[in-house]
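> The following feature annotations were taken from TrEMBL:
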type	residues	note
BINDING	A:GLU33, A:GLU61, A:HIS64	Fe cation 1 binding site
BINDING	A:GLU61, A:GLU116, A:HIS148	Fe cation 2 binding site
Amino acid sequence: MNRTAPSSAALDYRSDTYRDAYSRINAIVLEGEREAHANYLTLAEMLPDHAEALKKLAAMENRHFKGFQSCARNLEVTPDDPFARAYFEQLDGNFQQAAAEGDLTTCMVIQALIIECFAIAAYNVYIPVADAFARKVTEGVVKDEYTHLNFGQQWLKERFVTVREGIERANAQNLPIVWRMLNAVEADTEVLQMDKEAIVEDFMIAYGEALGDIGFSMRDVMKMSARGLASAPRQ
Amino acid sequence: MFGLIGHLTNLSHAQRVARDLGYDEYASHDLEFWCMAPPQAVDEITITSVTGQVIHGQYVESCFLPEMLAQGRFKTAMRKILNAMALVQKRGIDITALGGFSSIIFENFSLDKLLNVRDITLDIQRFTTGNTHTAYILCQQVEQGAVRYGIDPAKATVAVVGATGDIGSAVCRWLTDRAGIHELLLVARDAERLDRLQQELGTGRILPVEEALPKADIVVWVASMNQGMAIDPAGLRTPCLLIDGGYPKNMAGTLQRPGIHILDGGMVEHSLDIDWQIMSFLNVPNPARQFFACFAESMLLEFEGLHFNFSWGRNHITVEKMAQIGSLSKKHGFRPLLEPSQRSGELVHG
Ligand SMILES: NC(=O)C1=CN([C@@H]2O[C@H](COP(=O)(O)OP(=O)(O)OC[C@H]3O[C@@H](n4cnc5c(N)ncnc54)[C@H](OP(=O)(O)O)[C@@H]3O)[C@@H](O)[C@H]2O)C=CC1
Ligand SMILES: [Fe+2]
Ligand SMILES: [Fe+2]
């Protein structure tokens with residue numbers, strides 16, 4: 001018996017419902033790219049030996065930002081900036097605090113691992129349901145994000161023994177925030193036909209692979225990447 | 001290197017295994033958690049053939065659970081399989097068996113149209129359903145099991161439940177072509193496919209399961225059921241040989257009645273101990289040697305360097321291919337599992 005999966009109801013990218021949800025999701029994406037840009041510049045100051053490379057990453061994030069701005073314009077959507085700033089407040093606060101303390105490991109984990117994997121997962125899940133214009137933009141962005149992830153991965157891998165505990169702590173502190181963030185926008189992502197489950201799974205795949213490459217055992221990866229997942233309150 | 005993609009039979013089974021392995025996060029949470037869980041390469045395997053060859057493999061837990069299908073979470077089920085396939089391909093594994101429901105999901109949801117998974121394109125040559133070997137082993141269990149339990153094959157009526165399936169249809173072809181049985185009963189739900197099968201075979205009687213069971217001396221269970229059905233042993237013949245090849249099992253619980261014999265269908269026993277841990281989570285008496293024929297097919301293909309999709313699609317298994325994989329099976333030391341299943345409550349000796 002051949003049973004095809006229920007096909008997505010045709011998405012009306014011009015409907016009020018879609019554009020309303022998009023105003024928040026797009027704003028979150030823009031804020032994420034904006035903060036990523038700033039974070040890589042901060043990291044460049046903390047790591048003068050890698051300043052060149054990090055400034056390049058920052059420049060790429062800026063291009064992403066502009067790309068996603070054009071996606072909103074294309075759909076005649078005004079991104080909800082205040083919503084997005086509040087959305088990132090806790091995670092960003094942790095990054096800023098770590099930077100102020102000179103805690104490079106935490107900064108790397110938050111930006112180069114967690115935020116990059118979050119972006120990769122969200123963009124991967126978005127691409128099949130995006131409008132044609134946004135799809136092209138996002139496909140280009142995702143390719144970049146994989147290289148960003150790789151940068152953080154390499155840096156942490158080279159210092160695994162010394163940074164191991166720091167990674168575990170930063171993971172324990174920040175991963176639960178990501179799960180809560182995902183839950184908070186579940187209603188909006190559903191409107192965009194992005195499955196929250198799929199985003200989490202995609203995140204865990206990218207994040208788990210990175211942690212494994214950095215030096216953690218499979219058992220550690222499973223425990224770390226699931227941290228706080230089940231206790232995050234569901235709508 | 002060979003790969004095995006598998007799954008557990010239901011949520012409580014999955015929670016128990018997670019607990020036994022020490023993964024508390026996975027052990028105490030509900031289906032939602034598994035719906036979000038990524039595939040994991042949880043075991044490394046070393047197996048030695050009776051020829052002396054040694055090969056290595058990996059087991060990937062897909063985190064698929066049959067409840068996902070029962071609850072209509074089709075996209076979830078599809079993702080589990082595609083992600084597991086992407087994982088083994090990324091690791092450069094040459095040939096991987098899609099165990100249990102994974103091949104069924106691939107087929108039913110046309111995953112061949114969805115081979116682009118994130119940054120890779122799945123290469124179907126790296127996979128096999130393992131169904132040819134499973135069908136072969138089931139037929140050996142019929143033939144050799146009949147003899148062992150005092151059933152004369154020439155006089156036997158054999159019912160195949162799930163007759164129109166990939167494995168079921170192959171079993172029917174072999175029983176028609178190569179085994180001298182008395183009568184073949186074809187059991188499944190879709191009438192059109194049953195008619196087509198009957199036409200192709202040129203024999204076979206179509207009956208619903210409740211009518212077929214009382215008439216059968218041997219029952220081959222190989223239907224794709226999310227959970228087993230309750231069977232009343234009082235309604236069966238004696239002696240009766242029930243070969244349950246379903247995963248999850250087609251027959252729920254245990255059946256105890258003198259004269260009723262149950263075999264774990266589609267399972268092989270190796271001549272040597274295998275170095276792995278996964279089989280200790282499935283209810284087999286000797287996990288170091290006894291396991292699924294579909295997994296064994298991936299090992300056989302690796303032993304022989306046959307890196308292509310030996311078993312693929314649905315309804316393409318020929319008697320010749322079954323004989324081919326059967327001879328490789330014997331060559332490397334696999335035998336059909338003929339020990340009474342723990343489901344029968346029969347005493348297992350030694
Ligand atoms: N032991 C082993 O090594 C292996 C075991 N398996 C198991 O074998 C089983 C079959 O696999 P496969 O051949 O690939 O699957 P298919 O999907 O190809 O075939 C399944 C068959 O079962 C029939 N069926 C489904 N539900 C019922 C029902 N309630 N009553 C009667 N017939 C039913 C289907 O026909 P219809 O829909 O018309 O009823 C179809 O004929 C599965 O349980 C699978 O997990 C698979 C691989 C290896
Ligand atoms: Fe970016
Ligand atoms: Fe980035």
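Our numbering is plain: 1 for the first residue shown, then up by one each step along the chain.
For all residues, glycine too, the Cβ spot is worked out from N, Cα and C.
Mind mapping these onto the model and telling me what they sit next to?
A:GLU33 (Fe cation 1 binding site) falls within a helical segment according to DSSP.
A:GLU116 (Fe cation 2 binding site) falls within a helix when secondary structure is assigned with DSSP. Counting only same-chain residues at least 6 apart in sequence, those with a Cβ under 8 Å from the Cβ of A:GLU116 (Fe cation 2 binding site) are A:ALA36, A:GLU145, A:HIS148, A:LEU149, A:GLY152, A:ALA206.
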> With the cut-off set at 10 Å between Cβ atoms, which of these binding-site residues ends up with the most neighbours? Options: A:HIS64, A:HIS148.
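That would be A:HIS64, with the highest Cβ count within 10 Å.
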> Check each residue in the chain of A:GLU33 (Fe cation 1 binding site) that is at least six apart in sequence and keep those whose C-beta is under 8 Å from its C-beta; list them in sequence order.
A:GLU61, A:ASN62, A:HIS64, A:PHE65, A:PHE68
> Cβ within 8 angstroms of the Cβ centroid of A:GLU61, A:GLU116, A:HIS148: which residues besides those meet this for the Fe cation 2 site?
A:ALA36, A:TYR40, A:LEU57, A:MET60, A:GLN111, A:ALA112, A:ILE115, A:ALA119, A:ASP144, A:GLU145, A:THR147, A:LEU149
> Which binding-site residues out of A:HIS64, A:GLU116, A:HIS148 lie by ligand 2, going by a Cβ under 6 Å?
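A:HIS64, in sequence order.
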